[in-house]
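As structure tokens, the structure follows; a few thoughts come after it.
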Ligand code: NAD
């Protein structure tokens, strides 16, 4: 099938590679000329394990910055553009609107328009109205919501092995679900076919639930601290209950990334628009927003003043195996430390500092260059190489003794044997 994917980001590019590997004839298009040039030259614009290699094995995938004509050529169009948060928390769908406006001029034959972007309930229904209002016949298209659940760092695997595929269709649409299933026919997956708004809400519900697990365990960790108990024992024990499950029960500095923070805000905004109270949703965000403060308090309890101290921060990305720094808690921690007068030296295997921090934070190209002469070390992202760090060497080059484990992943006894003090959250 000839398929156009609009948006060559984490979702759109991974989708394009996956569908090309199934034998579909793919055009991946983006308005970002630099990105498209890079892709045409056989490189990818972000770090995602395995994706570059898979791209090099794709014979039937082309790239274009001609968004309108690419859409015109294809009977199936996936939209995977960004939906970042506005300042009021609502999802900014202006990129999506711009694609729809281009699309309204590109529909000359029947199209299945499939939204992969995470959008508030009602958005896809409005897209249909917008197309009809701009003069497109309703017989010439169907809109489908097919939200994406991939995890950055595992994107291609998740795209090829999803735990479910959600297909949201319009009320009288009896053809699109079969078209989407035929596109994904190489994937063995349970299908959930629902309404457009149902599919939009499934995506938000999924991220809300996962974020809630993280905030739940972080609140439990605070209670553990008060009772000198170990949160990791609690996580392990409750995680063995299949009704609870062991994932997302690691206490730490909280969730970040391009999805959870913005999607929870957008869901809250959508609920408020319909005068629906959101007690849990607000609590989950509040716990996350206050989590870094606990760590700052902890550091202050060890150091009389933070002013002028050298801090080594390991990790910049919001999680390991990605260079994505959108809403990274590691970045937020560096902002807090620099505000308090620390000289921060950071290291990350893949990510680079955001522009606004480059004047205040020194990014090192080796972990030990960041660690050398530091008064304390903050582990912000649990990259495997930090877990396997030579802590004896780290102890020998640090000025201070304090290691703050922002992800509760370090072996405390091992660090203590090296003469370091290791503290996490909810660990005695
Ligand atoms: P991204 O920012 O990496 O990529 C979006 C791309 O869309 C960019 O390359 C941008 O240039 C392009 N674009 C914007 N406007 C355009 C236009 N008018 N025409 C053509 N291209 C345009 O975003 P992403 O992380 O891939 O996320 C895309 C969507 O998928 C978002 O709604 C996000 O919430 C959702 N999602 C993301 C993930 C994830 O882990 N990144 C997972 C699931 C769902």
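Along the chain as shown, residues are numbered 1 onward.
Positions of Cβ are set from backbone N, Cα and C atoms, glycine also.
Unlike curated records, TrEMBL annotations are generated automatically.
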Note to self: Per TrEMBL, which of 94, 111, 203, 392 sits in the substrate site along with 149, 150, 151, 152, 248, 249, 250, 251, 252, 256, 319?
What the structure shows: 203
Notebook entry, point to check: Of 222, 236, 326, 332, which does TrEMBL put in the NAD(+) site with 30, 35, 83, 118, 152, 262?
Noted result: 326
Next item on the list: In three-state terms from DSSP, label residue 262 (NAD(+) binding site) for me.
Entry: helix
Margin query: Under DSSP, is residue 35 (NAD(+) binding site) part of a helix or a strand, or is it coil?
Written below: helix
Notebook entry, point to check: Looking at the binding-site residues 30, 83, 118, 152, 203, 251, which have a C-beta within less than 6 Å of some atom in ligand 1?
Noted result: 30, 83, 118, 152
Check: Counting across all protein chains shown, how many other Cβ atoms sit within 10 Å of the Cβ of residue 251 (substrate binding site)?
Finding: 26
Check: What's the CA-CA gap between residue 118 (NAD(+) binding site) and residue 203 (substrate binding site) in angstrom, rounded?
Finding: 7
Next item on the list: Rank the binding-site residues 83, 118 by the number of other Cβ atoms within 10 Å of each Cβ and report the first-ranked residue.
Entry: 118
